[in-house]
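Peer 1: Before anything else, here's the structure in question.
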Amino acid sequence: MAASNWGLIMNIVNSIVGVSVLTMPFCFQQCGILLGTLLLMLCTWMAHHSCMFLVKSASVSKRRTYAGLAFHAYGKVGKMMVETSMIGLMLGTCIAFYVVIGDLGSSFFARLFGLEVSEGFRVFLLFSVSLCIVLPLSLQRNMMAFIQSFSAMALMFYTVFMFVIVLSSFKHGLFSGQWLKHVSYIRWEGVFRCIPIYGMSFACQSQVLPTYDSLDDPSVKIMSSIFALSLNVVTTFYITVGFFGYVSFPETIAGNVLVNFPSNLVTEMIRVGFMMSVAVGFPMMILPCRQALNTLLFEQQQKDGTFTAGGYMPPLRFKILTLVVVFGTMLGGILIPNVETILGLTGATMGSLICLICPALIYKKIHKKGLASQFILGVGLLILVISTYTTLTVTEEPTQIKSELLERIDLKEEKDPEQINSQKSDEKAKVEQPGDNRDKPKLPPKNPEEEQIKGPIEGPQKEKDTKKQEEVQLDRPDQGDIAVPVGEAHRHEPPIPQDEVAVDEKKDQGEREEKKESVVDINSTEKKDKQQINLEKEPEIKDQAEANKGINEPVPQKPPQEVNDPNKQQLVNPPTPRLKEQPPFKDLEGIIKDLAVPVEIKKNAEIAEEKDNNDFANPVKAIENPPIKDEKNEQIPGDPGKESHVEPKAEDNQAEAGKAELLDHAFLLQVIKEQQVQQKRLLDQQEKLLEVIKEQHMEIHQQKGDEDQQDKLEGNIADKNKEELKAEARVAQKPLEGDKLENVGEVNAKVDKPAVEEHVVVVEKEQNPALNQVVKGNVPDVKKNDHKIEAPKINVEEVKVPISAGKHKKQSVQENLIHQQDVDQGASDNYKQREKAVAANKDYVLGHIIQQETANPIDPITLPDLQDKLGKLALHQTEPKQKPVKIAGIGEKKLGAVQEEKILVQKGQEAQADKVIQDNYNPVPDHGLHENNNADAPATINVEAKKEHIEKPKDGAVLEHDEGKQNRDLKLQNDMDLRRKKRDLALVQQENNGAQIISFHPVPNLKVNDLRGALEARLNQMVDGGLQVVQSRKIKQLIDEEKNR
């Protein structure tokens, strides 16, 4: 063989080998190694015979073109069929070239310029390549020298590409033998899909006759040897690339094998080189396609039946055809994004016609013989029908694989082949190769985790747990308090903080199910607790509304900072109840218990003076109005769960009704912060209250010693008027200190149905210290006979500003208003007598004074010096805090007499005050009871009713008996400290044998049989005459300022 023939061989090899080489590993995977090799050899044999059919037919018919042979054999029909098939084959090949350029070039240039691989970028790249590279080369008329040099470069590149594939197989375990278990050897399902690709891979029939015409000595034998050698080289190349590429990626082979390779310098060079070889090879495909179009459309038949030579075309026609072919194939490359589809479809139709069917038909027509031609014709027709159908039905699968591969190349991931295989229905179980395991250890557990994250969970479970821990561990005003989120406010156990890292929390399915059940339980308890809170609020609102009509039985309670609501304890179990059992100051325990106030009275007192709630400068207001707006919202420092549960109900009751379960974490944190601010404020207020109580306690003990000494000096004075004046002085001396503790204490009593619905006189307690003295009167059943009231027993402890009380039978409000004027007149008449009686009760010397009053009635003015001295002191101390008295329900004009006497006291007119005391003294007002009773005025308590029954205050039995009854009244409050204080009180009183006159402990209960009228006359009116006493089984005062507003 001459040396010139190698140039022809290189041209034939370059014309055969094209983009089909990239699909060889894919064909081996579809058919298996053995079956794919056999089919490749079969296609090589058929390609060789088809080429020889054309050479032999050309030598016999003296024709040198493919179309001329078809016209010689079958006329115009054959000529048109051949030309159409040739045009389709060339266009399909150009489309495949564009697809390869888009696949390889888009990823490379995107990384080079830092862009993202997208469809728009791919379109832009194809348009740029066709406009800048393909079109200039295709417009040249004489390209034979360029084509030969390009063929040499292409063959060198294909050789390098083959060695890269072989080395890649070494890297992926070729010698380890692992691939033997994963590759397929015979797979019949992919036969009809691979045969068209194989047939297209040997499509060199268009180059046969030009090569035969270019020989110096044309002969069939030389052409046979040249094509045999060329096809053997191509077959070897195809088998090498297919086998080693399949071994490298046995489970995940794309139509373009270069897509499977990881991104590195070598593979990028291979991709760019292959892309450039394809781009430069366009003119080799466009040249025959353009000539075929010219002869098909513009060639004219001559008179002798032949056609004019189609070698020359006018410039305009040449340019138009070139533009149509270039940009038409570019549009096809954009619409068909995968190379194996276009190659399979083109090979099954045009390839089978050009390579197999037409040569066999021409040879059979001209030579009239040939068994081989019939076999090749049958195979060609079979491929045309079956392979076309098979290629069209499986078009979508490679498209999905290729699009995913492009995304993986974008992200520079080497683990994408495993994800591609998951979309193939006919593949075996996925097995990872050793080289790919480094970057994929975490892929398998991600899918089950994502399936478990469902429902209201907004983010990963781990992230949510960390947010919950942050919520629980927020800063708090007190270390013992735990701020719980709204969603967990109803838990019946304190939340357990978890700082450790949760291990295997997501892997254990059982734990996840338990968590779901616990969430359902918490939601159910939330709904139940909301209903309980609503049920608790309704009776409290009703009790507050009916507070002016009937006063319920009082239950002894602790001060506001120690309020213990059993209903709230059922909902929340406070983790650290520090203030529940012991008060902050142990020695103040007895005083705090003496200040016990019923819940209803405390509420009304707070409503009456809500404007002064924040005035902590005045200790009296600070104790009267603790910084608690409502008992339902009252927070205990040791009970954070209660805080977080009640505050949202008070503020966002309607909002939480439908959204309590859908609050996001940001809202929970905001609610917790607001609760913490409120809790800090409450704690600061309570600290101030405790400081005030401590100061008052110290002042009381200091004052107690001074009063004891003063009582000893004046103990021998038997004059009743002296004692009364001295009592008045004490009433004026101790208001400033006494109010602070005693103005909070209310009269603990219960009205069955008051005779008159009292027009309650609301007094700002710090304004009139004389009215703030407390006397608790426990009046048992008071029965009314026809003409007198029986008072079998009156337990006098402390009375808060005695006020006229009504009858104890049920009467309507209209009847009460009718007799109101009589009550006012009685109040003005008995003003001074009640003033003296209250002063005596406050100093706890009631019994001693009454005894001396009964035995030694002396003229009121016997010691003017002492009287003046004490009167000045009293008026001086009471004057600074005197303010106008607010009266509810009674007009100010009706109390004119009472106000005149109050003004006399406030202005400090000593002489007038003394004169009033002297003139209004009435020692025996026995008829007062009948006068008030006949006038239907409220029955009043008279201190003189105790004259006979207080003559024996030293009797220990009476003390013990009354003390025992008092303890029975306190059974509702399970407080051991209170019982201990009461027992100590009884022992101290027995030891002193009743000699102690001034004491801060309650005076023993004293029995009274009669002298009811005297008792009512003495206590009928007070200094201001503004407050009223409701007489029933027990005495209780209700202050409600809301009615005045």
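Yeah, the Cβs are placed from backbone N, Cα and C, and that goes for glycine too.
Got these off Swiss-Prot a minute ago, pasting:
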type	residues	note
COMPBIAS	412-453	compositional bias 'Basic and acidic residues'
COMPBIAS	460-479	compositional bias 'Basic and acidic residues'
COMPBIAS	503-546	compositional bias 'Basic and acidic residues'
COMPBIAS	564-573	compositional bias 'Polar residues'
COMPBIAS	627-658	compositional bias 'Basic and acidic residues'
REGION	412-584	region 'Disordered'
REGION	606-658	region 'Disordered'
TRANSMEM	8-28	transmembrane segment
TRANSMEM	33-53	transmembrane segment
TRANSMEM	85-105	transmembrane segment
TRANSMEM	117-137	transmembrane segment
TRANSMEM	150-170	transmembrane segment
TRANSMEM	226-246	transmembrane segment
TRANSMEM	269-289	transmembrane segment
TRANSMEM	320-340	transmembrane segment
TRANSMEM	342-362	transmembrane segment
TRANSMEM	375-395	transmembrane segment
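Map these features onto the structure and tell me what's around them.
Peer 2: Within its own chain, the transmembrane segment (8-28) is flanked in space by residues 36-37, 39-40, 93, 96-97, 99-100, 147-148, 150-152, 154-155, 158, 161, 190, 194, 197-198, 200-204, 206-207, 211, 214-215, 226-227, 229-231, 233-234, 237-239, 241-243, 245-246, 248-249, 253-258, 274, 278, 281, 284, 339-340, 343, which lie at least six positions past its ends and keep a Cβ under 8 Å from the stretch.
Outside the transmembrane segment (33-53) by six or more residues, the chain places 27, 183-188, 191, 194-195, 198-199, 201-205, 208, 220, 223-224, 227-228, 231-232, 234-235, 238-239, 242-243, 246, 355-356, 359-360, 362-363, 370, 372-373, 376, 379 with a CB less than 8 A from a CB of the stretch.
Nonlocal intrachain contacts for the transmembrane segment (269-289), taken as residues 6+ away from its ends with a CB within less than 8 angstroms of a stretch CB, comprise 14-15, 18-19, 22, 86-87, 90-91, 93-94, 97, 100-101, 104-105, 107-108, 129, 133-134, 137-138, 140, 143, 146-147, 150, 153-154, 157, 160-161, 164, 206, 258, 261, 322, 325-326.
Sequence-distant neighbours of the transmembrane segment (342-362) (same chain, 6+ residues past either end, Cβ-Cβ under 8 Å): 19-20, 23, 46-47, 50-51, 53-54, 57, 66, 69-70, 73-74, 78, 81-82, 85-86, 88-89, 92-93, 95-96, 99, 193, 196-203, 205-206, 332, 336, 373-374, 376-377, 379-381, 383-384, 387-388, 390-392.
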Peer 1: Would you kindly check 150-170, 226-246, 320-340, 375-395 and say which stretch has the most C-beta pairs under 8 angstroms to the transmembrane segment (85-105)?
Peer 2: 320-340
